[in-house]
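These notes concern the structure reproduced below.
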Amino acid sequence: MTPEDYLKKRLDPEQFEKIKGIDNPELNEFLAKYIELLNPARVFICTDSKEDENYIRRRAIEYGEEKSLAMEGHTIHYDGYYDQARDKARTKILVPKGVEIPFINTMDREKGLKEIHEIMKDIAKGKELFVCFFVLGPKNSVFTIPAVQLTDSAYVAHSEFILYRKGYEEFKRLGREAKFLKFVHSAGELDERKTSKNIDKRRVYIDLEGETVYSANTQYGGNTIGLKKLAFRLTIKRAVEEGWLSEHMFLMRINGPNGRKTYFTGAYPSMCGKTSTAMISWENIVGDDLTFIVDMKGEARGANVEKGVFGIIQGVNQEDDPIIWEVLHSPNEIIFSNVLVKDGKPYWNEMGIPIPDEGENHSGKWWRGKKDSEGNEISPSHKNARFTVSLDAFPNTDLEALETPCGVRVGGMIFGGRDADTWPPVREAFDWAHGVITMGAALESETTAATLGKEGVRAFNPMAILDFLSVHIGKYLKNYLEFEKKLRIKPKIFAVNYFLREKDGKWLNHKLDKSVWLKWMELRVHGDVDAIKTPVGYIPKYEDLKRLFKEVLNKDYSREDYEKQFVIRVPEFLAKIERIEKIYRDVGNIPEELFKVLEEERHRLIEAKEKYGDYISPFKFL
């Protein structure tokens, strides 16, 4: 029986007609294989119609995966108590036998496929399977990557309708030409709260060769929303093979003088200020998480892979996050997950207002002081609780930039690290290679706040991409360095660090100071201000920052603060070079240029140290 004949026999006539309209034998083969394997009771094919999207929304409520909240458009979804985050241990990249890739959890492909197919046999029995079509990047553009998602979770399908552009018509347009990504998900057997029961059989297997991701016995978005971090592994591999960049970066517009618009991307590890930077209220957001960057006629053009936000809700409060707060308290289409609900209203940790003493949360019925089976007190919401919302709900979204098929020109790229004592608040690279290597490839995040006499642990996280790499880091960096050669106009590269501390542990910067660094970077992209050359890159002049602090924040900025923040800390910089160099030497197969650029930086620092000492005032470089 041909795949088409099987589908005709297995699907309702109305659903079969939807598939027939696409005319793609590879798609038919894929659907036939996995509908037979998962063995659902019924199959629903989603087109781009509003009716089909509404059907998914309705099913999420009817199947008990979501419940309506008091405000129109708001729903709550709960994942299982032990299904609240990405499962790093059971997320594996399937590779040919004997292949190992540094930093990556790999598994023999044949063995992995055999295991996941056994786990998924009949896993959707008695359930409804949804087949959804989406695209990554703007439609009908150089960025477009079509993708098909099979899932028996209406919550997962609903999330994807909020986060991604619909792709059924794009599949029809491309027909047999479509080079598409594939995602197969089942939540598995559900308990009485409609959460995945067999967590011991939770698996997330990424088959690079087949460009397919399998996800079983889990509901948490990071493990199940195929087009997010699962697709990201596949697009990183594609980008490296095809010579473009698939990055873990926000994309935002910084508004310069006289209505000038300049677009920046930014890669920051978790807890380093990525979302708060992208959401500054007087600038404009294009995307908060994933960006494709391609060469178009010698320009680096960027596009948001997504059209929505799957954001961490903990700590979102009215004072620090006015825009997100407003969005979450308006009648938008929002899925809240793993927060506390009382009388139809959502509450979360550190929201800055009183939280009820009881209600329902990810642990079931909750009361203050409730403990789990290990004796840990359960907080009102999970620390990884989320909100899922479309970007068009945000008043400061640059909607034109979000959907333009040719993307936006990237003027600057920002790498945001976190340390108490090394990187100054903002600096600019000398050139592309210097930025890629000493800023992007050397990105670290201090995991604990440094206290007196005790240093935080610095997690190495180049380009904030380590968790998602699907190729050798050397290959990934080589592609980055090669990409520059295609460009006539090169984005400037910057590094930021919002977390410097004084010796007594006090922060050296206020939360909103970052908005000044952004304005300075925007001016530098256009050559509107000069900068001071130091051994580690260009830093701002005091006079320029003094003026910008007044203009942007209406704050006085003292010479003393400037000096404390922008002092070049030579011993700390040298120690960092040592750390980064060792990591890459141990890994092997790294472009030689990386070691050359690090050595040049070391040489400049030692020279400056001999002249000015260990801690060099920025005024010394004038």
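Glycine residues also receive a Cβ, built from the backbone N, Cα and C atoms like all the rest.
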Query raised in the report: Among R238, R301, R418, which residue does Swiss-Prot annotate as binding GTP together with M271, C272, G273, K274, T275, S276, R386?
Result: R418
**Report entry** Record-annotated Mn(2+) site (Swiss-Prot): member among D289, D295, D320, D321 besides K229, H248
**Finding:** D289
Query raised in the report: Out of S270, T275, S276, N384, which of the binding-site residues has the smallest number of neighbouring Cβ atoms within 10 Å?
Result: S270
**Report entry** Cβ neighbour count (within 10 Å, all chains shown) around M271 (GTP binding site)
**Finding:** 12
Requested in this report: Write out the long-range same-chain contacts of R86 (substrate binding site), meaning residues 6 or more apart in sequence whose Cβ is under 8 Å from its Cβ.
Outcome: Y220, G222, N223, K229, D467
Report task. For A385 (substrate binding site), identify the closest of the binding-site residues H248, M271, K274, D289, judging by Cα separation. Result -> M271
Query - Neighbour count (Cβ, 10 Å) for G221 (substrate binding site) - result: 25
Report summary line: Among the binding-site residues listed as D289, N384, R386, R418, within 10 angstroms of C272 (active site) by C-alpha we get R418
Query raised in the report: Cα within 10 Å of D289 (Mn(2+) binding site): which of the binding-site residues S270, M271, S276, N384, R386, R418 qualify?
Result: none
Query raised in the report: Of the binding-site residues H248, S270, N384, which sits closest to S276 (GTP binding site) by Cα distance?
Result: S270
